[in-house]
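These notes are about the structure you will find just below.
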Amino acid sequence: MKPYRDYYFLKAKHEKYPARSIYKLKEIDNRFCLFQKGMSVLDLGASPGSWSLGAAEKVGKTGRVVSCDIQTITIPLPSNVSFFQEDIFHRSDSFNNILIKEGPFHVIMSDMAPQTTGVKITDHSRSLELCLEALAIAKCYLLQQGSFIVKIFMGADTIELVKEMRQHFERVTSFKPCSSRTKSKEIFYVGLGFKRFTTS
């Protein structure tokens, strides 16, 4: 195991987070200043729960986090986090109603990743599909001037995601956190200044 993997794994364990991904979110927020007290956040692909915990800390008791994943979350969650076990491609009517009731959200974030095959083209294609679905949800439930975070496995069609995001955000920036593994193909795109009433 490489030293940097040891560091973030042990740091997460020591600070009682379920995964090292918490530090990716912290780095993203340090760079872009996305969260404030009292905000509402939607966390897509939330399991095992690190991003929901991180967002809950940032928005405080007056804020709220709605999180969902096809897999369950087993860790205790604070009172300002509501978790729903949902497939975002086949959302139940009850969950859609919750999104309508709780939204629009100040921040929508997706750390979703597909089941990897080891075939880069396949993994990239599946990752892009998740990203575009997350963006479709953001277009429905993100607040005017809100922010969007999405992870993708890099590949030839990443530009498709970027082009789509640029139609709906004033600024779109790529970011690779230091806490990402050096050889990882993952990169995050951050959309700032959502233009809610843009048509495409």
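Glycine residues also receive a Cβ, built from the backbone N, Cα and C atoms like all the rest.
Note that this is a predicted model, so its numbers are computed, not measured.
The annotation in Swiss-Prot ties Gly49, Trp51, Asp69, Asp111 to S-adenosyl-L-methionine, and of the candidates under consideration, Asp87, Asp93, the one tied to the same site is Asp87. Residue pair Asp111 (S-adenosyl-L-methionine binding site) / Lys151 (active site, proton acceptor) shows a Cα separation of 5 Å. Comparing the binding-site residues Asp69, Asp87, Asp111 on other C-beta atoms within 10 angstroms of each C-beta gives the minimum for Asp87. By the criterion of other Cβ atoms within 10 Å of the residue's own Cβ, the least surrounded of the recorded positions Gly49, Trp51, Lys151 is Lys151. Taking the C-alpha positions, the distance from Asp87 (S-adenosyl-L-methionine binding site) to Lys151 (active site, proton acceptor) comes to 17 Å. Note: the Cα of Gly49 (S-adenosyl-L-methionine binding site) and the Cα of Lys151 (active site, proton acceptor) are spaced 16 Å from each other.
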